[in-house]
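Straight from Swiss-Prot, the features:
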type: DOMAIN; residues: 10-124; note: domain 'Response regulatory'
type: MOD_RES; residues: Asp59; note: 4-aspartylphosphate
type: DOMAIN; residues: 147-376; note: domain 'Sigma-54 factor interaction'
type: BINDING; residues: 175-182, 238-247; note: ATP binding site
Amino acid sequence: METTSEKQGRILLVDDESAILRTFRYCLEDEGYSVATASSAPQAEALLQRQVFDLCFLDLRLGEDNGLDVLAQMRVQAPWMRVVIVTAHSAVDTAVDAMQAGAVDYLVKPCSPDQLRLAAAKQLEVRQLTARLEALEDEVRRQGDGLESHSPAMAAVLETARQVAATDANILILGESGSGKGELARAIHTWSKRAKKPQVTINCPSLTAELMESELFGHSRGAFTGATESTLGRVSQADGGTLFLDEIGDFPLTLQPKLLRFIQDKEYERVGDPVTRRADVRILAATNRDLGAMVAQGQFREDLLYRLNVIVLNLPPLRERAEDILGLAERFLARFVKDYGRPARGFSEAAREAMRQYPWPGNVRELRNVIERASIICNQELVDVDHLGFSAAQSASSAPRIGESLSLEDLEKAHITAVMASSATLDQAAKTLGIDASTLYRKRKQYGL
């Protein structure tokens with residue numbers, strides 16, 4: 001059962017003064033919040049690797065550590081977390097700089113318990129509302145994106161997906177980044193007999209091995225430093241429904257035996273708790289990586305792969321669904337001009353030709369982002385090539401040659417490189433790619449970018 005603190009949110013306090021940490025912690029725990037403390041930047045970083053926090057109170061003066069640098073690292077590690085700066089009167093200007101860098105508010109020392117409680121309640125309410133709004137917007141915006149198709153290859157995949165959705169068979173969805181794996185997983189859940197139960201998603205690249213085990217199976221109070229309350233895992237949250245493991249190729253190798261056991265026996269233990277629990281969960285997984293090659297290289301367990309790929313669905317990349325490109329573009333344009341109140345109503349012939357020729361390494365996600373940008377900057381009735389950000393000639397020259405074989409990793413690396421080159425900041429690049437900042441950080445590290 002979810003505790004009060006789990007419902008209200010998890011808070012991280014970062015301050016090098018133990019008396020302030022103690023006072024803040026007692027005040028917030030009295031309100032029922034789950035609170036963890038860190039007295040230095042390395043301690044805070046270690047906690048963020050193990051736990052998910054909704055809110056952080058960060059002191060700008062952390063001994064030798066620069067609070068703005070700590071804030072920047074937090075934005076990479078936990079971009080969803082709201083950060084409130086705590087500062088002295090003499091550093092208010094720096095607090096304003098911190099807000100421009102991503103903090104959401106600041107408190108001036110000494111602050112009263114009422115000020116602290118009010119700030120926590122306000123920011124956690126915003127966090128909860130934002131999460132709900134993002135979930136609703138994501139569901140509405142992505143419902144069926146890229147799944148409606150005139151392509152025979154895509155139609156065959158959808159027909160198979162509808163047939164197997166009615167069963168409880170595990171399904172592995174293969175496809176390049178942005179090809180619609182998440183949308184297909186959502187559709188399969190909707191078509192299944194589990195549709196009235198939750199579909200819970202874990203984005204595997206965004207979690208470290210330590211955090212993954214806690215997020216997947218939950219943990220008990222005192223299981224590790226900072227674990228002040230017991231938490232439910234995603235497995236428990238998905239009981240009766242569907243667990244979607246997005247980018248399963250990035251699932252930590254050290255945890256794969258525990259995942260295998262859960263898939264086989266439906267049994268698991270929370271971190272720090274010997275009690276064996278059960279959950280009735282259907283597993284969907286997706287990846288843009290070659291799991292067979294990873295098995296051969298010792299990077300993925302063969303027995304786990306056999307459990308995951310009972311049914312395999314291969315999503316074709318957008319460049320192999322040429323008949324769908326313009327239809328998707330028109331649908332996206334109609335949506336975005338309505339959202340933003342822009343004048344565009346269609347595409348020039350040059351723009352249509354450029355979209356036909358472009359290889360779309362980022363697939364449907366890239367097409368959606370390109371059209372969103374074009375709808376915003378276009379001040380006329382027809383979107384032209386300049387609004388798309390590429391020309392027909394450039395599109396043709398960048399398209400894969402017939403017979404050329406590129407791995408999914410090569411395509412993803414090329415796509416990420418191109419997007420970063422055309423983006424002013426890494427945050428902008430992550431948004432264009434449709435991933436969060438921490439996932440982009442891991443991808444850059446993976447590909448040496």
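Here the Cβ of each residue, glycine as well, is placed from N, Cα and C on the backbone.
Since this is a predicted model, take the numbers as computed values, not measurements.
A map of Swiss-Prot features onto the structure.
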residue: Asp59; record: 4-aspartylphosphate; Cβ contacts under 8 Å, 6 or more apart: Val14, Asp15, Asp16, Glu17, Ile20, Gly67, Ile85, Val86, Thr87
residue: Gly175; record: ATP binding site; Cβ contacts under 8 Å, 6 or more apart: Lys181, Ala286, Asn288, Asn314, Leu315, Pro316, Pro317, Asn363
residue: Gly178; record: ATP binding site; Cβ contacts under 8 Å, 6 or more apart: Leu318, Gly362, Asn363, Val364, Arg365, Glu366, Leu433, Gly434
residue: Asp239; record: ATP binding site; Cβ contacts under 8 Å, 6 or more apart: Lys197, Ala279, Asp280, Val281
residue: Thr242; record: ATP binding site; Cβ contacts under 8 Å, 6 or more apart: Ala185, Ile188, His189, Ser192, Arg194, Lys197, Pro198, Gln199, Val200, Val281, Arg282, Ile283, Leu284
residue: Leu245; record: ATP binding site; Cβ contacts under 8 Å, 6 or more apart: Ile202, Cys204, Phe251, Ile283, Leu284, Ala285, Ala286
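In this structure, Lys181 (ATP binding site) is part of a helix by DSSP.
Break the domain 'Response regulatory' (10-124) down by DSSP state and the numbers are 58 helix, 29 strand, 28 coil. The 10 Å shell around the Cβ of Lys181 (ATP binding site) contains 26 further Cβ atoms across the protein chains shown. For the recorded site, Leu245 (ATP binding site), the DSSP three-state label reads strand.
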